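Heads up: the structure comes next, in structure tokens.
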């Protein structure tokens, strides 16, 4: 019996604050944050992410965010590209429609965590998934929540996944 093909799975991590969170968070929040994280999953030679337009893909590092600030090796998967794209299509029609996006509760990191677990059985690092609750646990975070809840983030430069001809 031939061993299954294994495909590497990477987590691309971007600091949307470009270092400002590290400098300003102690003053504004009373606690140190290392960054404001956007994440995506790289598998089968493409980068996949979730934003206010739904699930998108691009060549790795191909959004206007440029190259990631760090790359986490999530592991390997036996899931073929065909099965993975079917899975993404079903997610895009259910849990990860664009209108389901919420900066604190259902965001790019929620998507990356879900997909990482599907592909490898492993979660993404907790310093990323815990960030919203860390911010909201501060008085400043609570005061900003109504404004921040209205923010929709969609990194430019990706192609829609699971919609015919890239339609939204």
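Heads up, the Cβ atoms here are built off N, Cα and C, so glycines get one too.
As annotated by Swiss-Prot, active site applies to 38 (among others), with the evidence given as experimental evidence. Cβ neighbour count for residue 38 (active site): 24 (other Cβ atoms within 10 Å of its Cβ, all protein chains included).
Residues or ranges marked as active site in Swiss-Prot (evidence: experimental evidence): 108 (among others). For residue 108 (active site), other Cβ atoms within 10 Å of its Cβ number 25.
Residues or ranges marked as domain 'PPPDE' in Swiss-Prot (evidence: sequence analysis): 7-149.
Listed by sequence, the residues of this chain that lie at least six past the ends of the motif 'Nuclear export signal 1' (83-91) yet keep a Cβ under 8 A from its Cβ atoms are 43-44, 48, 55, 77, 111, 114-115, 118-119, 161-162. Here Swiss-Prot flags 83-91 as motif 'Nuclear export signal 1', drawing on similarity to another entry.
Swiss-Prot lists 139-153 with the feature motif 'Nuclear export signal 2', giving similarity to another entry as the kind of evidence. When DSSP labels each residue, the motif 'Nuclear export signal 2' (139-153) comes out as 11 helix, 0 strand, 4 coil, counted as helix, strand and coil in that order.
This prediction places the mean pLDDT of the motif 'Nuclear export signal 2' (139-153) at 81.
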